[in-house]
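*Asks:* Sharing a structure here in structure tokens format.
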Amino acid sequence: GQLPTWLQGMLLRNGPGMHTIGDSKYNHWFDGLALLHSFTFKNGEVYYRSKYLRSDTYNCNIEANRIMVSEFGTMAYPDPCKNIFAKAFSYLSHTIPEFTDNCLINIMKAGDDFYATGETNFIRKINPQTLETLEKVDYNKYVAVNLATSHPHYDSAGNVLNMGTSIVDKGKTKYLLFKIPSSVPEQEKKTSCFKHLEVVCSVPSRSLLHPSYYHSFGITENYIIFIEQPFRLDILKMATAYIRGVSWASCLAFNKDDKTWFHFIDRRTKKEVSTKFYTDALVFFHHINAYEEDGHIIFDIIAYTDNSLYDMFYLKNLSKDFEKNAKLTSIPTCKRFVVPLQYDKDAVVDSNLVTIPSTATAVKEKDGSIYCQPEILCEGIELPRINYDYNGKKYKYVYATQVQWSPVPTKIAKFNTQTKEMLQWRQDDCWPSEPVFVPSPDAKEEDDGVVLTCVVKTDPKDPPFLLVLDAKTFTELGRAIVNVEMHMDLHGMFIPQQGMKTETE
């Protein structure tokens, strides 16, 4: 096929790549050592490159030829020959664990630099051109967080907004929203943007020892949306996981009888909206988008009724009959919540406060809290992406992978949130990855551009390829076949040519 001449830059992707080291194997697919890969678009041609992230975790494991550093689903143990004192000490030192820097989930841009990110307090700077691993950054040096999301937001000035959890810091567990500036003052050109990191605000956890797990958060022009779900980490269990010989993942529990709380933080006052908004128990990983309309906040998420998704990816479940055997007990559902921030304070109890056209409801309860029920937009999509120019604004299109009852995607979809129409791309024996939308330089409409996805074939003898679709029609423009083994990955970003420093810089 033919690539548009304007498509110049790089698609940079991240995900788990190595699951066996020596005789040891990771338990979970999300634990594998991070593998970066890139597709560079230059004058109608595509160049591919991949490289393992040379994290401390990677180096330590490779040197020992076994898994030495614990990951979320795999607990690692030090040398069994150690004497009893060394063993006891090592048990004690694992209570607040030294987390891994195997940053395998996403890529983040901060200032002019790019970082591989996971969900711990460590991120690794990388060179996007060569995929070399550079310095390790510990968020904890700048802000008291033990965990942070891999889905930051970028404001119009290029500042990074992200959230992290501060576990039992000064006797409190809280969720912190922090900002990494896109540039530092002229006189401090040598310092890192992390030195100027600021905490925007904090939300206290409803429970000191059971903070909510979260993978992303939402943003509108004036608000940050944080969802506290009843899918929680048990800190005491986590502190004793090492001694008990279990993984940290076993310290995550979903309480289906609990509520899911919505927190809205005013970006100007940095204060949380005082009204209590909630919905039924759900588990979710990805926010799609959010915006404001007539005194309401509208936000779209992909939610599940249980946490079976995580369990699917234990490697013992990922056998060759995986597609046939792995059945999600809950299908991903795209839910739209409509939350009235400005409502009639004298409204009667049990009345629906949503005043814009929607089947979503927000009902006032006796105690003044507001119970929200969503509109179901569609089912069976995951790894959602949008045209990021529309982030926080009213939008139409979601690009996503399509899954049915198995968590491995077999199709790419473009979903219109307004008309509910769905366009699809699929081909036999193909597993596509998260689709990334790239707008064309002179875009007039939201879907003027292309969608890029890496496609792995189910037959290892068939080469994988990069697929380029016209975002409007969802027809194939071209594909670049890669004659090396490629792994299914998680997330990534497109870096336009002008957004990259050249080698000499």
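Every residue, even glycine, has its Cβ placed from backbone N, Cα and C.
TrEMBL does not curate its annotations; it predicts them automatically.
Feature list, courtesy of TrEMBL:
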| type | residues | note |
| --- | --- | --- |
| BINDING | HIS151, HIS215, HIS286, HIS491 | Fe cation binding site |
*Asks:* Other residues with Cβ within 8 Å of the Cβ centroid of HIS151, HIS215, HIS286, HIS491 at the Fe cation site?
*Replies:* ILE105, ASN106, THR149, SER150, SER216, PHE285, HIS287
*Asks:* Can you give me the same-chain residues 6 or more apart in sequence from HIS286 (Fe cation binding site) with a CB-CB distance under 8 Å?
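*Replies:* Expected: HIS151, HIS215, SER216, ILE301, ILE302, GLU382, LEU383, PRO384.
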*Asks:* Using a 10 Å cut-off, grab the number of neighbouring Cβ atoms around the Cβ of HIS215 (Fe cation binding site), all chains included.
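*Replies:* Step by step: centre on the Cβ of HIS215 (Fe cation binding site), count other Cβ atoms within 10 Å, giving 14.
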*Asks:* Which chain-mates of HIS491 (Fe cation binding site) that are at least 6 residues away have a CB under 8 A from its CB, listed by sequence?
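*Replies:* In sequence order, the residues whose Cβ lies under 8 Å from that of HIS491 (Fe cation binding site) (at least 6 apart) are ARG13, ASN14, GLY15, ILE105, ASN106, ILE107, SER150, HIS151, LEU383, GLU434.
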*Asks:* Just how many other Cβ atoms lie inside 10 Å of the Cβ on HIS151 (Fe cation binding site)?
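*Replies:* By my count, 21.
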